[in-house]
Amino acid sequence: MLNWFAVGILGNYPGGNYWFSPVSPPAPGKPVVLLQHGMLSSSADYILMGPQTSLVYMLADAGYDVWLGNSRGNRYSNRHRSRNNETQQFWDFSWHEVGSIDVPNMIDFILARTGQSALQYVGHSQGTTVFWVMMSQHPYYNQRVKSAHLLAPAAYMHHTRSPYVIFLATYLHTTELMLEMMGTYYFAPTSEMDIQGGIDRCRDGAPYQQMCAITTFLMAGFNSQEVNYTMLPVMHGHSPAGASANQMIHHAQTVRSRIFRQFDHGPTMNMIRYGSITPPNYNLQNVQAPTLLYHSTNDWMAGPEDVLLLAGQLPNVRKRYLVPLPAFNHMDFVWAINVRSLLYDELLADLRAYV
């Protein structure tokens with residue numbers, strides 16, 4: 001198996017030097033949950049806000065064996081056994097490969113290590129996209145997922161309000177050409193210089209601290225009341241965490257085509273890869289595992305209309321939960337001050353129902 005993915009645990013698997021929950025000490029046979037992060041992010045999203053706010057600590061305290069996935073190309077998963085990570089060959093992937101190859105491998109690895117026959121899946125943003133891809137391509141994994149809990153579910157993006165995504169989709173072909181001419185195959189993670197600059201600009205008392213949240217707002221939606229400004233240097237120190245350029249391009253293709261389908265390589269390469277001039281659509285009817293969707297009104301990436309469209313095409317939606325705060329945005333699912341009371345308490349109760 002190629003070394004394309006990275007998984008880690010923050011739970012109670014015996015024999016490792018890991019953080020253990022003082023509320024739920026190590027024990028065999030604990031229910032297993034895999035957390036998968038969003039676009040340009042990493043497993044750090046589920047940890048940064050600390051034990052009282054971050055989902056991963058809450059799950060460990062609730063008695064789960066918690067595993068954290070990292071998509072290929074981010075700071076924790078950017079090595080390969082034979083490919084140099086500065087070459088085009090290394091970065092020739094989108095979230096299709098993450099969903100069709102990496103996440104299934106993660107699940108197989110986790111279940112082999114824990115001795116469990118199935119796990120529960122929690123994904124945010126692109127962490128939901130790769131789940132649809134996995135089930136579309138490999139329906140067998142419905143047997144290996146007890147329940148899927150999808151935060152800010154992203155498949156269709158007809159109603160995106162993010163200026164970044166709209167710009168990329170509008171000028172997609174120009175952007176692809178420019179990236180190719182510059183030899184830019186990926187978006188690099190935050191550098192040490194950027195981290196230090198973020199500390200200086202975003203720390204409490206800094207004159208332009210408010211501006212540090214603007215870049216996130218323009219992608220995710222404005223919601224200043226749920227921003228922990230003290231934590232902004234930490235957030236910016238871990239995000240962006242890196243991704244391939246094709247991941248962003250694939251999302252932009254979805255916006256333009258209004259079809260949830262595989263990566264469009266152009267008519268000639270599509271014929272070589274797929275046997276047709278257009279990419280194959282993902283088959284959402286293959287998603288048979290119990291599926292629970294959690295979304296918000298002010299999400300600029302996964303808008304309510306698009307979530308409703310998606311829900312109507314999934315065959316086994318057991319629940320659709322709208323966060324009861326109109327201003328709740330795309331990144332509030334992992335970083336909001338009151339995310340526990342607004343979302344995670346509900347999510348934990350839902351997880352317990354499918355253990």
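Quick reminder: no glycine exception, Cβ is built from N, Cα and C everywhere.
Taken from TrEMBL, the feature domain 'AB hydrolase-1' covers 31-332. Among the features that TrEMBL reports, active site, nucleophile is placed at SER125. Sequence annotations record features per position, and here TrEMBL assigns active site, charge relay system to ASP299, HIS330.
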Could you tell me the mean pLDDT the prediction assigns to the domain 'AB hydrolase-1' (31-332)?
91
Measure from the CA atom of HIS330 (active site, charge relay system) to the CA atom of ASP299 (active site, charge relay system) and give the result in Å, rounded to a whole number.
5
Which one is it: of the active-site residues SER125, ASP299, HIS330, which Cβ has the fewest other Cβ atoms within 10 Å in this structure?
SER125
I need the CA-to-CA distance for HIS330 (active site, charge relay system) versus SER125 (active site, nucleophile), whole Å please.
8
